[in-house]
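Novice: This structure is in structure tokens; I'll ask about it shortly.
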């Protein structure tokens, strides 16, 4: 989990691309919203805002549960106290080096979570929702277009969205989305397995950490990857709607060439991209692997008996 979060952390002193993307989106919104009334939040925007608020609450809660788990079960791997041969004999009544190690574990957890959160929340999550909202505005603009100038302005609108999509993919394509697609399903598999098979072995309230991570991983997979898959679908529908709209346009050949020069937008990870089947594939993989681990564990315990 720490490895995944470290992939999301940004050094704003060396790389300002994340701040540039946020400023670009804000400037673009100031431009396109001139003279328009307040836009109602879409369902996906409200869902993503709810996810961000949930994660902001649970980040300190996870650190607190980690602290409680180490105090009650200091031999729990892979934490530092588990490397001591006398971890089972630790007493917390006297202040010593063990307290310093626990505080170090708590500090590591808190600073890694808080360092990774802004990049994921305001670049990846908010960036996806911004693209979908821009498509919503562009669709309404295409529907109201009547003349050549309006059609060409819609093409320029689409190309501005495309520039933001390229900028966002340059940031998320290498580290953020690959780590999200690999790390969150792994976190879901492990937390589901521990919640089902080890609920009698891990004392409360430290055990609460694992159901919380499992629920958040499932919500993240659904709420993040589903809107990410809509980016490609909505850009395809926008271009198709534009092609139908320009059928009776004056100087149609010019507009058609401009439309053909526009490509469909995608949220990329590595050499692939998030399509409509990605959320279902991820959930199917997580459930299959969790059941496989449970069956392997059950078979091993049966042979031992």
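A Cβ is built for glycine as well, from the same backbone N, Cα and C atoms used for every other residue.
Owing to the predicted nature of the structure, the values given are computational and were not obtained by experimental measurement.
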Novice: Checking feature assignment: transmembrane segment per TrEMBL, candidates 174-196, 243-265, 266-288. Which range matches?
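Specialist: Result: 174-196 is the stretch TrEMBL calls transmembrane segment.
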Novice: Select from 136-159, 208-231 the stretch of residues annotated by TrEMBL as transmembrane segment.
Specialist: 208-231
Novice: In TrEMBL, which of the ranges 88-111, 112-135 has the transmembrane segment annotation?
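Specialist: Going through 88-111, 112-135 one by one, TrEMBL gives transmembrane segment for 112-135.
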Novice: Would you please say which range out of 23-47, 48-72 has the annotation transmembrane segment in TrEMBL?
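Specialist: Result: 48-72 is the stretch TrEMBL calls transmembrane segment.
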Novice: Are there residues at least 6 beyond the ends of the transmembrane segment (208-231) whose Cβ is under 8 Å from a Cβ of it, and what are they?
Specialist: 44, 47-48, 50-51, 54-55, 58, 61-62, 65-66, 69, 124-125, 128-129, 131-132, 135, 165, 180-181, 184-185, 187-188, 191-192, 194-195, 198, 202, 265-267, 274-279, 282-283, 286
